[in-house]
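I have placed the structure first, in the form of structure tokens, so that the comments after it can refer back to it.
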Amino acid sequence: MQPILAKNGSETPEPVKAQVTGSIPSWLQGSLLRNGPGLFSVGSTEYNHWFDGLSLIHSFTFSNGEVTYRSKFLKSETYKRNVQADRIVVSEFGTMIYPDPCKNIFSRAFTHLCNVIPDFTDNNLINIIRYGQDYYASSEVNYMNQIDPATLETVGRINYRNHIALNLATAHPHYDHEGNTYNMGTAIMGFGRPKYVIFKVPADASDNKHKKPALSKVQQVCSVPFRSTLFPSYFHSFGMTENYIVFVEQPFKLDIIKLATAYFRGVNWGSCLKFDKDDITLFHIINRKTGKAASTRFYSDAMVVFHHINAYEADDHVVFDLISYKDSNLYEMFYLQNLKQDTSSFIQSNNSISPPVCQRFVLPLNIHKESPRGSNLVTLTDTTAQAVMQEDGSVYCRPDTLFEGLELPGINYNFNAKNYRYIYGSRMEWSPHPNKIAKIDIVTRTHLEWQQENCYPSEPVFVASPGAVEEDDGEPTADLSPVKPSCCGSDCLHSPSCRGDLIVHHLSRSQPVFFHARPQRQNLQGDRPSLHPRQRPHGPSRTFHPRRRLTAHIRVDYLFLCVYSAPLMELICL
């Protein structure tokens, strides 16, 4: 495989102006922040896993038809300790670090004792999230690092535990139309009975006058007890409708005993996750206004879920879409030793990994005890998903498959928690390098693809056009990371949509592939616009072609940002 995923990045601390040929939509104003691993070695030491690399934060700023780029490493405590020691001294997901052999026996014994209950890294490399008006680099541990979205400077570290009883929290919160933030976490050790915790941070929670973080006003919505005390479910994201939280308690579990003994056993934290293929997956539906969970026991077959796509309510049903796997081998695939194989060897050693599948589940809300056993309770006519009443009163859910081979999904966030039509994401086809962007039409079950040879696009992020009527009227963005300098020629780039323009940004140096992105201020709308969907023929995948000409070619050398017309981002209006 190409070494791009394990390539060390570098900072561009001062804004670099892009060379623009053509024009950028005048309404496109603000910044897009991206986060991801950017440094895979310190001194002579190297990380083992792609999810271990030190966070590098990127900013693309649009202003009056111009684009500037800058990037800075997150100056976390982990980063500073590693750099000061000139070696990796803080353990990460796939890399366990042990005491310096030069330390005396008492220092080494103390280090071992401290690792019984691990104090996790604050290398927050997964996403940028907003609480109130505060922006944080986030991963899935109890630490976050606040950043200045304008300068990318690291403001300081914050600990969830100082504000709410949590050991872990997701890096994929939801934002309602009022600007409130909802998120989920796990309380494992030191907080009473183990439980999953759903919490809310109000939109006006930031208190800069008194220098109090937004988390100081966090509100617990409710909690859900673990199904198994020593084996809590791992979860990377969750779903949210207008009235409900959708939590998938999957049989991909964290083994607490293994976690507490990992340091002594000489294994990394990633090895403490296990998938039980013979178990079931539970679906929890929680009213986010009352905090009460649905009394019905909804379940499905064993699956592994990382990303939810969207969720909404329709005729007394909760509909939620997610990406599922039949095994947990995805994490194994991203060990750097595996990624550095040549393409043929990589495919041969990983072709048994299950593909990501976009699935729709439908859960009826009004269930009567006298409903016939064995009957399908779903009454919606636009899906094949089923919810079958069992003899014991529980409901077994069968999914409707929407698409196979898509990850890093995104939507027009104005349609979050609402009935929607389009999904955007990275195509996954026997490679850890997503080399295509796809647009999925849920109604017609057709899809469009865009790709550029030897370039790897990031997660697409959508910005709706001002006054947009149609769901896919806007400018999606994705960054292109080239395998080698100048291999991504602009002459053959096309819009990954039948609507709108493509804008390409070439940046001054090759950078690693990113994880996730967010604009600084969400462009949320309270009311769903009326839709006038274009009729599309049913049929196989076809290449994206632009309806209009390429409007802008923006160059700052070797990293690219493409802005095309179809969904997934929100701008940070500075």
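Each residue, glycine too, has its Cβ placed from N, Cα and C.
In TrEMBL, annotation is done automatically, which means it is predicted and not curated.
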Report the candidate from H58, H236, H368 that shares the Fe cation site with H172, H307, as recorded in TrEMBL.
H236
Beyond the listed site residues H172, H236, H307, identify every same-chain residue whose Cβ lies within 8 Å of the center of their Cβ atoms for the Fe cation site.
T170, A171, F235, S237, F238, F306, H308
What three-state class does DSSP give H307 (Fe cation binding site)?
strand
Work out the three-state DSSP category of H172 (Fe cation binding site).
coil
I'd like the number of other C-beta atoms within 10 A of the C-beta of H172 (Fe cation binding site), please.
20
For H307 (Fe cation binding site): intrachain residues, at least 6 apart, with Cβ closer than 8 Å:
H172, H236, S237, L322, I323, E407, L408, P409
